[in-house]
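Novice: I'd like to ask some things about the structure below.
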């Protein structure tokens, strides 16, 4: 079984050269990465800026999920390969403003119904296709009543988690999917005074 044992020359090369070329024994690993490393960093920064963004929460319409002042990360790539899903929290351009407006508002709400659904808020419950939805993420039951609304193709129905203090689909109707900017991924900073 001697053929399984490494040769003496192999052992000498491994032990001696590895000790001599350990990164911690030479200061070469602290050098500037050069043009190639800089280009890699530049590509990562460009991809990050194109496919995600950091936003802050200006209102309490998504309380208790998101609070005023929270900084969130929004990714903008997933809806190119899949459709928006129920319970996704999305940022979108204000559907009541004209596309040419310079100062177009961006809102954040939760998708509660998709194309083809019938939606209504009645007696403090959200009904989708006649079924009351169990929503343990909302601040309190809605005190308003909305009419039965059909969500057409290419649209979703969005509501804030703070139902009684939210400017959302119960006011202006279904949201066109083309207005969606991105999907909420995570909260990256929450002020300690909230």
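Even glycines carry a Cβ here, placed using N, Cα and C.
Pasting the feature list from TrEMBL:
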- 38-187: domain 'Peptidase S26' (DOMAIN)
- 61: active site (ACT_SITE)
- 109: active site (ACT_SITE)
Novice: List the Cα distance (Å, whole number) between residue 61 (active site) and residue 109 (active site).
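Specialist: Just about 8 Å between their Cα atoms.
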Novice: Quick one: average pLDDT across the domain 'Peptidase S26' (38-187), no decimals.
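Specialist: The predicted confidence over the domain 'Peptidase S26' (38-187), as a mean pLDDT, is 91.
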Novice: CB neighbours of residue 109 (active site) within 10 A?
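Specialist: Excluding its own Cβ, residue 109 (active site) sees 24 Cβ atoms within 10 Å.
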